[in-house]
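The structure appears below as structure tokens.
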Amino acid sequence: MMEVAYVCEWERRPKSNHCPSIPLVCAWSCRNLIAFTTDLKNEDDEKDLSHMIHIIDTEHPWDVYSINSGHTEVISCLEWDQSGSRLLSADGDGQIKCWGMAEHLVNCWESTLGSAVEGDPIVALSWLHNGVKLALHVEKSGSTNFGEKFSRVKFSPSLTLFGGKPMEGWLAVTVSGLVTVSLMKPSGALLTAGESLCRLRGRVALADIAFTGGGNIVVAATDGSSSSPVQFYKVCVSVVNEKCRIDTELLPSLFMRCTTDPVRRDKYPAVTHLKFLTRENSEQVLLCASSQTGSIVECWSLRKEGLPVNNIFQHRSPVVGEKQPMILKWRILSATNDLDRVSAVALPKLPISISNTDLKVASDTKFCPGLGLALAFHDGSIQILHRLSLHTIGVFYGSASSGPSQRGGDDAAIKRQRTGGPTVHFKALQFSWTSLALVGVDNHGKLHMIRVSPSMGQIVDMNTLLRHLLFLLEYCMVTGYDWWDVLLHVQPGMVHSLVEKLHEEYMKQEAALQQVLSTRIVAVKASLCKLSSATSARACDFHAKLLLIAISSTLKSLLRPHLLNTPDKSPGDRLAEICAKNTDTDIDKVMINLKTEEFVLDASTLQSLQQLIQWVGDFVLYLLANLPNQGSIVRPGFGFLRDGPSLGMLREMMVVIRIWGLLKPGCLPIYTATSDNQDSMSLLFRLLTKLWLCSRDEGHPQDPDEPLIDECCLLPSQLLVPALDWLPISDGVICKLQSRHPLRLQFCRPCSLPGLNAGGQAEVFSRSPGSQRMDNLRCLHMGVCPTEDSKACTRCGCVTMLRSPNKTTAVKQWEQRWIKNCLCGGLWRRIPTTLS
């Protein structure tokens, strides 16, 4: 149901201690970056570590980047933007800072903008809404159309620029009842304004921010006393004459029900948690009131109700079309019984539709992601409650100090832990974006990654579990969110079925959507295949396919029509059409049918592309030479043997390279042949065409005939076959979590544990200590001990140099494609030169 995946702790320092009074905050981005604070203080350091922000990516939790934030008071808020690439931090002195990646690296951050409300602590912080909202329909999970499963909901941005483009910025609420807004102008300047939430300003101990579909902002605020009302305000932001304007309006308020209950009136004096259930739903709010020993949680909903009319007016004849006046009123949805003291609350980010039909289907299919909220308690346990009924649907009994979760009946272990001193518990808790994982920071500064079962421990058959995981993988594909937390629940035996089902669903989509998702689905398949030793070779094929698609689109983009009046089809489209129709095995005969003047490029440009051209030539040779070796053990390249579109793409590239070789012979791929007069490219094109003809019809692929296999058997005696040194190696933690045993990790110490597939992947991924290191994007050798600064992909492990060794326009065009993200869509992190 819930179990620890890994725990990452700080290296013990002799003169360090913890401050229990310091609150901790944690934030999880849609790109699986986690920002958090700790209460650790070191007596030897002048800088207080509790004022630092720590950022990790979930795949490399030990590679922590600690930001000396410059905050002078305790950090009270951390908020990621919708893209997961920028972070807001706020402190108890009213300082707000906006952090962005330096050189698009997840372990290099810098503060670019900021605002301040001097001396006024920030209690709530949020980015303005960009108007993008999706609804996930469990009822439609069996549909073949992604548009029905994940529908776009009409939602207005908080503020728009000319043409309807959403304006970026943030909004904060201070302890004195001030709301402050900072707007980021396209020029880079910052517009800032502040306004009181109401005319009579009062203390705000807790606040939260939500958004409405009409573009308004709703702020909930309380002074911290459960006997005081929880106030709600509508905030409207506008720009008038280049100045930011804020208008506020008081909305209906509520009193917690526990204060009206004679039994509990004085039992829970303080409101300790106040949160809207979702940031796009301002009509449902969660409240937690606590004492020193216990807590109670209530869920409230805002509803429209008819306004009762006085008896004097009831007998008046109604006007035609007159309707009963309506008012908005808060009604309690549900409440818990008395609980242990709550230390942290986490709300789900998955935008699951809560219509009656969707909730019924979710209950019938035991699909729980997005339906539960998490409460952490001071005894170290976590409970998952239904977000509407507040019924318990899952419990994590293991304390934050132990590795695996304890059984519900293991009361003795819990009692032993309690009597040993102060209980280790979570002070900050966050759900992942698919609600399949929880991250918690305990009162000793340790970070815990916890799996959350899609069925919350309910017994489901394998097909149902696969459907749940497939549904969430499709959601990540459509939204662009990272799917790392879904992989936490994929066992090696599920990989093949998930890959096949994902491909089937993808092929049922419209052609336009398939084109948009074409590279993303390949990246998802590659991530899945790495989880099993039986499919690790296919992971190599998917990485090679990503590189092939990228090289093909880049080389085709360099082609220009000879005449200024551009025809209906681009040179690249005509190339693909002619190569698809012409089945001739002679490369020169295929080349004759093309307008070679469209392929004319400068000699310097062609020469700068030689490394990419060499990769295409080497890959074709490798595929053909390994065709006879594909037996019971699947080897890298197997996935291409029946992939007609990819073989056709390679065939097109060979034709383009042949034409460019006539202009600049130095750009041709270099082969080591046993015969001086052998035309290597013609030989490879002929064999490649024969293989392509066997798999051209995807519905009825044919096995290669014996003469083709015999010719491929002779290739190693005619040409030197290249090694597989261009495949990226991932050193992430996901492959090490398949055994279900929690990992013990340390910040700043790379994980050296062997993965589940270490033996099965040895032939594919291993590198000898003295082997050349590769720049996987530029297809360059960096030497045995590279001295250049390098970066690696957080997802696939692809390594490339930070600085370009080539300054030509064509190479810059290639490198600019990957400045923010890797081929697979993963983020970049700087790595030491010894690891590159």
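Positions of Cβ are set from backbone N, Cα and C atoms, glycine also.
Residues or ranges marked as repeat 'WD' by TrEMBL: 68-99. Feature annotation from TrEMBL assigns domain 'Mediator complex subunit Med16 N-terminal' to 115-392. According to TrEMBL, the feature domain 'Mediator complex subunit 16 C-terminal' maps to 766-829.
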Query raised in the report: Near the repeat 'WD' (68-99), which residues from the same chain, at least 6 beyond its ends, have a CB less than 8 A from one of its CBs?
Result: 22-23, 25-33, 35-37, 47, 50-53, 55, 109-127, 130, 132, 168, 170, 172, 174, 182, 482
Query raised in the report: Quick one: mean pLDDT on the domain 'Mediator complex subunit Med16 N-terminal' (115-392)?
Result: 90
Requested in this report: For the domain 'Mediator complex subunit 16 C-terminal' (766-829), give the DSSP counts of helix residues, strand residues and coil residues.
Outcome: 8 helix, 16 strand, 40 coil
Report summary line: Reduced to three DSSP states, the repeat 'WD' (68-99) has 0 helix, 18 strand, 14 coil
